[in-house]
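Step one of this worksheet: look at the structure below.
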Amino acid sequence: MWLGIHKLNTETFSLLKTARSEDGYVFNVYFIKVASSVINIISDVVSLFICVLIICSKYSQLLKQGTMKMILFRKFRVLILMVFLIACSMHIMIDLLPKLERRSNSGCSCSHKPSEDPQNWAKHRARSGVESGWPNKHTLRILQDFSNEPNSNISSHSLEKNPKAGNKTEVFKRLEHYAQNGDKKRRFIQDTVVTKNIPVKSSRLLALFDHPLFKRAVPSLTDEDTLFNVNTDIRFDPNAATENQEWHAEGNMEEYTPTGGELTADSYPNWLRFHIGINRYELYSRHNLVIDALLRDLVSQRITSVAMKSGGTQLKLIMTFQNYGQALFKPMKQTREQETPPDFFYFSDFERHNAEIAAFHLDRILDFRRVPPVAGRLLNMTKEIKDMTRDKKLWKTFFISPANNICFYGECSYYCSTEHALCGKPDQIEGSLAAFLPDLALAKRKTWRNPWRRSYHKRKKAEWEVDPDYCEEVKQTPPYDSGTRLLDIMDMTIFDFLMGNMDRHHYETFEKFGNESFIIHLDNGRGFGKHSHDEVSILVPLSQCCRVKKSTHLRLQLLAKEEYQLSDLMSESLLRDKLIPILIQPHLEAMDRRLRHTLNVLADCIEKEGYSNVVEDDLAGERKGAQMHTLPRGR
């Protein structure tokens, strides 16, 4: 009988452990502990009374004697109460002893000391499970297998539900209070790293940005040239950024109470100020201080929500911050020294988080400014990913590896399995965070197929790979037959070749600006894969068309000079990131080598067709206004 009750108690606790509310949250660990204690006490009392009934039934003949009646009905009642109190006290002590033990050993508040080995860390994790969200009664075996629990396999949407549109005013008021009071707990990147390694007086990066080529003025902006018009009756609502997406910010954000006053553009959070600054000619201005502040936000802002991004071949996470900003997280998959294996196709290569970071800095040095801000960040996989997600499909893929490291793998087309799991050391993982562009509901973007898109097939080749006159056909096709689009494709080609990125199948533009706008350089994770090999096929668009902007050509020549060497500028710029080093020296040297090869290709084009037929003077076009936008593209 006792074994049956104990089995029932164990099964009940197991059900409570895996139970979930309608919102998808696992019941609170403290509630589970209290429920377990109550169930244990009840089972003990029930078993005690059953034993009493068994004794009474066996010695029923003795109950007729007056002495036995007195014992059963007087002294035995006191004995039952004492046993009950002892059982309660023992269960309470069992629950309190781990907490008392943690308090006595709490000399350090960190969860893992560098001197500890993985086994000691696993034991410490088991003792402090309540504080970190892991049930402390789980064994390592249960943690490794909890992705197979029946309740974890409930069919659910991978991404989170859309919020209701009725709370737009409330959320905006919270943002207004945030903008006026600021985030007092924000931690900024220390500038000592930069100043220690790079003396301001000898900074090549500052000297580059002080060069006349980097001081060209943007044409005067009209309402048609800006993505958003601030001085209108339309007020920016941070909650609107989630209305038409398949995910939303969680409800566990800190509440902000409005204090009154009008919200000005200067008091917006940095991610919103970045959105407001987008115009027809640039994603952000050259010396915009908001970009540096936004990079600090990506590193320091508290994460309040995590969800998997739909689509794509590899795992990406959408992260929402305390100030309602959002970013795309790409976790670390390879070390800095690992190169793409020679037998890998370009479409099956890993996406590297450090490539996203380096691409942003390279784009800035080339003065394209077409890559959204990206920063590296070290995350706690338990507190900042697992505990912050309501995505069941993501949550159930967490497990502990044989080395006692916390791992997860999510869901995607490639490399999302136990064999390709992302593991922390023991629970820390680094990755890149790319700031989101404005939501499509506020600023629609148009996706274009790259004319020089690869076949993405193991045997077939694309048309441009077999037709040397392919560019002549492209130049007759809108929007490449007029405007600056073809020249922007050449800029993107040079940008990709310097990184070694072969995965440029599509590109995007803002729909409001029509065909007269820049190309957004998104998704650069497959760059910087091989420093020992230069993929010259990436430069085929440039060698076939033999067209380039004068400003781009002059900047490339400038970056080839010793005093403005590209590798030195990249090395200095990347020191600003938290995850230094971002690139190893061979990758930096490879960029110098590829830059020289690009200039050689342009020199051959100029020798063959003449300078005026190859280099288009966009500098003169700026002085003449928008004349270049109306001229047909001829040769």
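The backbone N, Cα and C atoms fix where each Cβ goes, and this holds for glycine too.
Per TrEMBL, the features are as follows:
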type	residues	note
ACT_SITE	Asp503	active site
BINDING	Gln314, Lys330, Glu351, Ala434, Ala435, Phe436, Leu437, Glu508, Asp523	ATP binding site
BINDING	Glu351, Asp523	Mn(2+) binding site
DOMAIN	398-615	domain 'FAM20 C-terminal'
TRANSMEM	30-55	transmembrane segment
TRANSMEM	76-94	transmembrane segment
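What TrEMBL annotates, mapped onto the structure for a quick look.
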residue	record	Cβ neighbours (10 Å)
Gln314	ATP binding site	19
Glu351	ATP binding site	25
Ala435	ATP binding site	22
Leu437	ATP binding site	20
Asp503	active site	19
Asp523	ATP binding site	23
Rounded to the nearest Å - Cα separation of Glu351 (ATP binding site) and the residue listed as 'active site':
10
The largest Cα to Cα distance in Å among the residues Gln314, Lys330, Glu351, Ala434, Ala435, Phe436, Leu437, Glu508, Asp523, listed in the record as binding ATP, is 20
Which of these binding-site residues is closest to Asp503 (active site) if you go by CA atoms: Gln314, Ala435, Leu437, Asp523?
Asp523
